[in-house]
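Visitor: My structure is below; once you've seen it, I'll send some questions.
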Amino acid sequence: MDSLYYERNRNKSFFLFLGITLLLLYQDLLQQYVPVFKSVDEFIGFVFLPVVFILYIYKNEKLYREEQIIIFLYILFILTGIISSLVNKFQSLSAAISDLVIVSKFLGGYFFARICFGGVILMDYRKYIRATFRTITAVTFLLTLLDIIFNVFPKGDKRFFMHSEKLFFSHPTYLALFCVVTLTYLTLVFENRLTDYIYLLQIILVCVSTFRMKAIGMVIIYLLFLTPLRKLKYIKVVTVIAAAIVIILCIIPQINAYYFDSDDSPRNLLTSTGIKIANDYFPMGSGLGTFGSYISGAAYSPLYYMYNLSSTWGLTKNNPFFISDTFWPMILGQFGYMGLFLFILVILQFTLLIKKLREFDSNILLFCLIPFIYLLVSSTSESSFANYYSVNLFMIIGMAVSQTRPVNHLHNDASKIIKKGDLECQR
């Protein structure tokens, strides 16, 4: 009876997780027509944090040492921003709180999946995952072909020999992200069959059609990892080196184009000014919502006047289009050298956490690696960790890590007595 009760609640948890994943996957499309969907990622990634904390206490979930360190480091990181905000007083309390939500939601997404859905074993639901994301892949591939032939949807910018694809998304970047998430779930249920390769090829071709260098680089890295994992079940050092070279080759052209080709380009100015702000407000920066973030443009920060950026196209009060187009300059400017150091430590701890998956399962390892690498590569040209899609990508990472926990396998042992209280939290 207890086993049946547990199974039913685990099923509910999986379908809830899948529903949230799909909602976030199509968020860019939905928010174009229903504005309320613009806040879905913040709601899941930050507003749910008290719920996650209550469930953490209720379930008596054990966190890895790396996860405990991540929480500690991120609290210090946030305190850095709060203290600098109180000292410098450049923005209102509401602007500072809004910015706090945006820069923290990725971590909320991780622990939301990690704690709330920790009892779900994804491989037990592979048939649902396979059916869902194969359908998504087939439809997306067909729409892309129709668009290339008949120009059904608006096009993106022209790169190489043709216009980049974006379908019904607001920008080719978001179609690329859509493809990366879909590719991630197809990899989870990959079984080395011909049909698996057909669907992988379809979503990869759609991803490449966006002509985003980070997306193309991600595809190359994915293929480098896929081959040894399928044959040897682990990643060889030479594969890691090759992947690192690909990342560098993809990042360098982006950095040159965005930061060095023009001295007065928005990204170049944001980068150089971020360093100036970090020096002027050493060691904790200028504070939350003051520089390089979405909120710093929405509640136009006085720093753009102080550092003569208010007249630069794309950084003006009426057209702050490029203000949040960087990530590391934002971290450096708002949180200073101290905040930058703490955030890098958080990333390193996540790297150590993902390293634990090497001994578990090759599909789970790639399932976790794809979003993590994509976020790192994207951070060179956009505010990836503060973007709406960071919640979805870190939910994937959280679910991947939760697959390694012993509690996830209790249902396999009929002799285990599962407490009813532990099951309630899966509802």
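Cβ coordinates come from backbone N, Cα and C, glycine included.
Annotations for this protein, taken from TrEMBL, read as follows:
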type	residues	note
TRANSMEM	40-58	transmembrane segment
TRANSMEM	70-88	transmembrane segment
TRANSMEM	100-123	transmembrane segment
TRANSMEM	135-153	transmembrane segment
TRANSMEM	173-190	transmembrane segment
TRANSMEM	197-225	transmembrane segment
TRANSMEM	237-260	transmembrane segment
TRANSMEM	281-307	transmembrane segment
TRANSMEM	327-348	transmembrane segment
TRANSMEM	360-379	transmembrane segment
Visitor: I need to check the long-range neighbours of the transmembrane segment (135-153): which residues 6 or more away from its ends have a CB within less than 8 Å of a CB in the stretch?
Guide: 25, 162, 165-168, 178-179, 182, 186, 199, 202-203, 205-206, 209
Visitor: In terms of Cβ proximity under 8 Å, which residues at least six beyond the ends of the transmembrane segment (173-190) contact it?
Guide: 21, 25, 28, 122-123, 126, 129-130, 132-134, 136-137, 140, 165-167, 196, 199-200, 203-204, 206-207, 210, 212, 214-215, 218, 222, 226, 363-364, 366-367, 370-371, 374, 382, 389, 392-393, 396
Visitor: How about long-range neighbours of the transmembrane segment (70-88): same chain, 6 or more residues beyond its ends, C-beta under 8 Å?
Guide: 63, 96, 99-100, 103-104, 107, 281, 284-290, 334-336, 338-339, 342-343, 345-346, 349-350, 353
Visitor: The transmembrane segment (327-348): which same-chain residues, six or more beyond its ends, come within Cβ distance under 8 Å?
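Guide: Here the qualifying positions are 70, 73-74, 76-77, 80-81, 84, 99, 270-271, 273-275, 277-278, 281-293, 296, 303, 376, 379-380, 382-386.
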Visitor: Checking distant contacts: for the transmembrane segment (40-58), what same-chain residues at least six beyond its ends satisfy Cβ-Cβ under 8 A?
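Guide: For the transmembrane segment (40-58), the far contacts come to 20, 23-24, 27, 30-31, 101-102, 104-109, 111-112, 115-116, 388-392, 394, 421, 424-425.
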